[in-house]
Amino acid sequence: MPLTVKCPICKAPVEWVPQSAFKPFCSERCKLIDLGDWASEKHVIPVKAEFDPEAFDEFDLDEGDFFKE
């Protein structure tokens, strides 16, 4: 008996077999809805922001230095 999972979008049952063209989704519609959610940033992968202010020190120029020749 094949494994059955729920479609992440509509919760319909999906058999996890090679013939399931859209797995883990039940249909192309649900697959495209999920793609749209990623594209519109409704889904994001959490990443710890690592801001290193020293990495930008080389770009810190005094305004007077900017226009010197």
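Cβ from N, Cα, C; glycine included.
Database features, via Swiss-Prot:
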type    : residues                  : note
BINDING : CYS7, CYS10, CYS26, CYS30 : Zn(2+) binding site
If you count the C-beta atoms lying within 10 Å of each candidate's C-beta, which of the binding-site residues CYS7, CYS10, CYS26, CYS30 ends up with the smallest number? CYS10
For the Zn(2+) site built from CYS7, CYS10, CYS26, CYS30, further residues of that chain with CB within 8 A of the site's CB center: PRO8, ILE9, LYS11, ALA12, VAL14, PHE25, SER27, ARG29
